[in-house]
Amino acid sequence: MSNGKLGWWRLLVVASFFFHGLSSSETAPNYSFVHNATTAPPTSYYDYIIVGGGTAGCPLAATLSHNATVLLLERGGSPYGNSNITLLSSFGSALSDLSPNSPSQRFISEDGVINARARVLGGGSCLNAGFYTRAGPGYVQNVGWDPRLVNESYQWVEDVVAFQPPMREWQSAVRDGLLQAGIVPFNGFTYDHMNGTKIGGSIFDREGNRHTAADLLGYANPHGINVLLHATVHKILFKTKGLARPQANGVQFVDTQGVRHTAYLNPGPKSELIISAGSLGSPQLLMLSGIGPADHLKAHNISLVLDQPNVGQGMRDNPMNAIYIPSPLPVEVSLIQVVGITPFGSYIEAASGENFGGRTVHPRDFGMLSPKIGQLSIVPPKQRTPEALAEAIEQMSNLPDIAFQGGFIIEKVMGPVSTGHLELQSLDPNQNPSVTFNYFQEPEDLQRCVQGLQTIEKVIDSQPFSKFKYQGQSVHTLLNMTASTPVNMLPHHANVSTSLEQFCKDTVMTIWHYHGGCLVERVVDSDYKVIGVDSLRVIDGSTFYYSPGTNPQATVMMLGRYMGVRMLRERLESQGRK
């Protein structure tokens, strides 16, 4: 195998890290209300306590701070001042950082797919590829949201974090190839979700600086909010004595020095605790606090507060499959800008440039291609010795620059229909729970993947894309080359180009759009209040049945603002004000 081919094959490793944004602008805002949890008093009181300073938690806290006192607890640190988060040119570096203080925490699903969850103020918007696009009108209607408030909430978010990306040659070729492949009409630049091909928004500005959900804290009333970093919540506290059902009244959290703190809700019917810890963190915290399947909690010696068998159920992750196309011409560094929204339930996106290997920023570490990540899964974990890693890094150092010249076209399955579940592995909230997504368990998901790949094949063979593909290099060659890259922990089959179904199964990756675990009408009601418990809500992507739009971050940020406005209105009405 030539060094050039080795580089192309290894580049596919990063395909699964393309599809969402980073966080924070280059200059850190002067937030007077953000502190390390070590500064917190042993006991404190607030009108609202929010667990999770992520994509939903930041806009929610900023909104509620205008007529209440708010405590926002984030287990990670600040995104500001970290160029691995802020700069488009460093995309992938934060995801490849496996240190204990990394903004990204890796996990591997029971399906064998390598994944990541955020551990930083701003959440997933600090780690993703930045694509910004709204949910479709049908999604909004099915969920039952107020369309007018939804639109106002999106605009509130977009005024701070959304931008029109510059369109250069490679992305333009993908756009034109999609149109030639029949993904029509062309809808131009828009945040809206509609069938056809469009240019979407980005949370990277034109200077290549990331803007994240943490930037939305700039809307906050600084006198009504306290944000604590490196604050790991261990347990929700409940009152039960003399009450018809449990009532949340506070949390216990631990700082980096191991000191335990307690935050309580102020007395009053509108004081509430909100969990916005994400699709892994929110069901995990409910279980650790005694809300979940009784038998499962008993097995972990957790005192039962409420037998709720649906906590942790309905976990979904949109399968993503990619084809890497080495280019004879230099290509621009680009993340997700163009999307083809097909009528059959597959979304086609693309990204390009050598920064996927981290080569331009960290030539000795190779970002997402770093052998340190463990993505090269044909080497068993116990054999990933320091010597083996050093040898792999040296091999990559000798690769020619042309090995990092090219891009990926990917397809993401809408929905999906297949579901899984989440379970505790430990009583330590810092440890990942066990999660199973059951990719392609339902035939409908597999069929959508196949149709998406067939569309990608048409794009690759289209006239507009021809100059970015080596002459004589067939799509079947690209499929086999792609499938030979160990992007997950699953067994691979030879010559998968003869079966797109097998290619889908062998090369499935995540696009970080996993959701579920605290579903509406199963764990929470339509107002996101936990069923069977008072003063407790879950507001984040764990409540979604299906991922909204082509990429969910815009809608998760919108939801934080949307619910913040509704909760403020309820509070004002209870005070006799409008």
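Cβ from N, Cα, C; glycine included.
According to TrEMBL, the features are:
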- 1-24: signal peptide (SIGNAL)
- 118-141: domain 'Glucose-methanol-choline oxidoreductase N-terminal' (DOMAIN)
- Val120, Val233, Trp512, His513, Gly541, Pro552, Gln553: FAD binding site (BINDING)
- 278-292: domain 'Glucose-methanol-choline oxidoreductase N-terminal' (DOMAIN)
- Cys449-Cys504: disulfide bond (DISULFID)
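On the structure: features taken from TrEMBL.
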residue	record	Cβ contacts under 8 Å, 6 or more apart
Val233	FAD binding site	Val51, Leu73, Arg75, Val251, Gln252, Phe253, Ala277, Leu285, Pro429
Cys449	disulfide bond	Pro319, Asn321, Ser346, Glu411, Val413, Phe440, Leu500, Glu501, Cys504
Gly541	FAD binding site	Thr55, Ala56, Gly278, Ser279, Tyr514, His515, Ser547, Pro552, Val556
FAD site span - longest C-alpha distance across Val120, Val233, Trp512, His513, Gly541, Pro552, Gln553, in Å: 25
Number of helical, extended and coil residues in the domain 'Glucose-methanol-choline oxidoreductase N-terminal' (278-292), per DSSP: 11 helix, 2 strand, 2 coil
Site of maximum Cβ density within 10 Å, from recorded positions Val120, Cys504: Val120
Cβ atoms near His513 (FAD binding site) (within 10 Å, other residues, all chains): 28
